[in-house]
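Trainee: In case it's useful when we look at the structure, here is the feature table from Swiss-Prot:
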type     : residues                                       : note
ACT_SITE : Ser263                                         : active site
BINDING  : Asp184, Asp186, Asp188, Tyr190, Asp205, Asp208 : Ca(2+) 1 binding site
BINDING  : Asp186, Asp188, Asp205, Asn207, Asp210, Val213 : Ca(2+) 2 binding site
BINDING  : Asp223, Asp227, Asn229, Asn231, Ile233, Glu245 : Ca(2+) 3 binding site
DOMAIN   : 37-118                                         : domain 'Saposin B-type'
CARBOHYD : Asn59                                          : N-linked glycosylation site
CARBOHYD : Asn207                                         : N-linked glycosylation site
CARBOHYD : Asn409                                         : N-linked glycosylation site
CARBOHYD : Asn466                                         : N-linked glycosylation site
REGION   : 173-177                                        : region 'Lipopolysaccharide binding'
SITE     : Arg345                                         : site 'Interacts with lipopolysaccharide'
Amino acid sequence: MQSPWKILTVAPLFLLLSLQSSASPANDDQSRPSLSNGHTCVGCVLVVSVIEQLAQVHNSTVQASMERLCSYLPEKLFLKTTCYLVIDKFGSDIIKLLSADMNADVVCHTLEFCKQNTGQPLCHLYPLPKETWKFTLQKARQIVKKSPILKYSRSGSDICSLPVLAKICQKIKLAMEQSVPFKDVDSDKYSVFPTLRGYHWRGRDCNDSDESVYPGRRPNNWDVHQDSNCNGIWGVDPKDGVPYEKKFCEGSQPRGIILLGDSAGAHFHISPEWITASQMSLNSFINLPTALTNELDWPQLSGATGFLDSTVGIKEKSIYLRLWKRNHCNHRDYQNISRNGASSRNLKKFIESLSRNKVLDYPAIVIYAMIGNDVCSGKSDPVPAMTTPEKLYSNVMQTLKHLNSHLPNGSHVILYGLPDGTFLWDNLHNRYHPLGQLNKDMTYAQLYSFLNCLQVSPCHGWMSSNKTLRTLTSERAEQLSNTLKKIAASEKFTNFNLFYMDFAFHEIIQEWQKRGGQPWQLIEPVDGFHPNEVALLLLADHFWKKVQLQWPQILGKENPFNPQIKQVFGDQGGH
């Protein structure tokens, strides 16, 4: 699963053609292209493809196509301004090359955003030109021979070095690294701001100047004078003088939901409209600034902690919304502690962002769902980089000990197993990617090969034409799942009960097929890897039903006072 500071600033902006970043750890493998070069190449090919296809769809010049793309982008985050800066810098050469029938691969190699290092294979997304690659590239370089652009591109210049963008880039980078809200006046890890790790990720603060006021805490003096736990229930019933919090919530077993996850749990999503020329319009990019400041994640629509109405038209709700429906006293008590690229190995770097006080707060349901990155990487040989069962045991035990020292007594922890990711190749490899649908010139197999060649694939092991490698990856995933299962069966902790649940994606596929759907419709169309919103909500439904059947004590009681809470407090202040 992606760990993309570079993709965050390049692909989503569509303009990250020369960005350098430090979000991903340095790699000791010198044979691997630098992450900066790999992601920059992907960003360039994506942008040039969109420009070329916009010209085709609208029967316009390349110049008009570039201007059209910029006109679609919002002013927020200087997206439109940055787009015009890029056109000014690179536009004339892109026009010359596309006018000479060079494809996006050739354009990006000519402008040196893609580079073939000595001894390395040629990485290309589209079919190779009919003439030899060497001849085509020489021809393209002659076309732009006198251009000052190549000097600029070689300099490694960073879009974030532009004064207008420096602060924005820094904000996003800080939020990603620390996994706590950037805007948090009282430093209680809760915010009144939605993105940059704000209330899209954890319940909205209702008093950002008082660190003792935050979602999930036990009420202070039954919230007679203020709403100390932000669930929208406070004050005193004038009829009998009993505090509403005491009347409606005492003994109802309130609890929160906390997800420790990766990009799947955070709901990584790149909208197909952003790269599909035939669907592109002024409305396509309205939500791009929000997505950028959420690291291309959509936790507000995720299966675990989503609180907004689904955008995909199915009736299933997130686990958090089901907990709220069961007991309205649980309002706003959710935390999505997920990061792109997270695994059992690096969870310790951001688990401190979890907010729970053993004494002051209600118990929590914690879902540990590191479902991919312990077997996934972009390395040319991904098998040695996979987490071993022994190392997973050590990592998870360290996490559980941390949870035991922070969670209130009566909490519950569920360890999620890993999926069998062979369904990705099986269901997508021969289908056209959104970028390839217009001209029927690019399948998911080509996308996977391109990303693997650049060593920026989110999961080389499963996104590979090599069946043996796909099988090995699934075998290791099964071994790790069995390790989690053994931990749940044998380990005991004082402050929480421990459970294990299979990541039963095959059951989700079967359920979707019963409704007339196809398996490929459950996968994110742009990256061809992550479960999409439909899949995440179906997984939440599967989780809820299994827990209800096997471990109903995890969910707490149904609150008989829910109707009265709604009558007195309406939507409880919303989310």
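Here the Cβ of each residue, glycine as well, is placed from N, Cα and C on the backbone.
Source: prediction; values computed, not measured.
Can you tell me where each of these features sits in this structure?
Mentor: Its Cβ taken as reference, Ser263 (active site) is surrounded by 28 other Cβ atoms within 10 Å in the chains shown.
Taking all protein chains in view, 20 other C-beta atoms sit within 10 angstroms of the C-beta of Asp208 (Ca(2+) 1 binding site).
Under DSSP, Asp205 (Ca(2+) 1 binding site) is assigned to coil, being neither helix nor strand in the three-state scheme.
When secondary structure is read from DSSP and collapsed to three states, Asp227 (Ca(2+) 3 binding site) falls in the coil class.
Looking only at the domain 'Saposin B-type' (37-118), the predicted model's pLDDT averages out at 96.
For the recorded site, Asn59 (N-linked glycosylation site), the DSSP three-state label reads coil. Neighbour count (other Cβ atoms within 10 Å of the Cβ, all protein chains): 7 for Asn59 (N-linked glycosylation site).
All protein chains considered, the CB of Asn207 (Ca(2+) 2 binding site) has 18 other CB atoms within 10 Å.
Taking Cβ-Cβ distances under 8 Å and a sequence gap of 6 or more within the same chain, the neighbours of Asn409 (N-linked glycosylation site) are Lys358, Pro363, Thr494, Asn495.
Residue environment of Asn466 (N-linked glycosylation site) contains 13 other Cβ atoms, counted within 10 Å of its Cβ in all protein chains.
Taking Cβ-Cβ distances under 8 Å and a sequence gap of 6 or more within the same chain, the neighbours of Arg345 (site 'Interacts with lipopolysaccharide') are Asn373, Asp374, Thr387, Lys391, Asn395.
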Trainee: Measure the Cβ-based neighbour count of Asp227 (Ca(2+) 3 binding site), defined as the other Cβ atoms within 10 Å of its Cβ.
Mentor: 23
Trainee: List, in sequence order, the residues of the same chain other than Asp184, Asp186, Asp188, Tyr190, Asp205, Asp208 whose Cβ lies within 8 Å of the centroid of the Cβ atoms of the recorded Ca(2+) 1 site.
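Mentor: Along the chain, the qualifying residues are Pro181, Val185, Ser187, Lys189, Ser191, Val192, Asn207, Glu211, Val213, Tyr214.
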Trainee: Quick one: DSSP breakdown of the region 'Lipopolysaccharide binding' (173-177) into helix, strand and coil?
Mentor: 5 helix, 0 strand, 0 coil
Trainee: Out of Asp184, Asp205, Asp223, which of these binding-site residues shows the lowest number of other CB atoms within 10 Å of its CB?
Mentor: Asp184
Trainee: Taking the recorded Ca(2+) 3 site as Asp223, Asp227, Asn229, Asn231, Ile233, Glu245, identify the other residues of that chain whose CB atom sits within 8 Å of the mean position of the site's CB atoms, giving them in sequence order.
Mentor: Pro219, Ser228, Cys230, Gly232, Trp234, Tyr244, Cys249, Cys329
Trainee: Once Asp186, Asp188, Asp205, Asn207, Asp210, Val213 are set aside, which residues in the chain still have Cβ within 8 Å of the Cβ centroid of the Ca(2+) 2 site?
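Mentor: So the additional residues around the site are Val185, Tyr190, Cys206, Asp208, Ser209, Glu211, Ser212, Tyr214.
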Trainee: Measure from the Cβ of Asn231 (Ca(2+) 3 binding site) and count the other Cβ atoms within 10 Å, all protein chains considered.
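Mentor: Other Cβ atoms found within 10 Å: 30.
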Trainee: If one measures from the C-alpha of Asn231 (Ca(2+) 3 binding site) to the C-alpha of Asp205 (Ca(2+) 1 binding site), what distance in angstrom results, rounded to a whole number?
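Mentor: Here the two Cα atoms are 10 Å apart.
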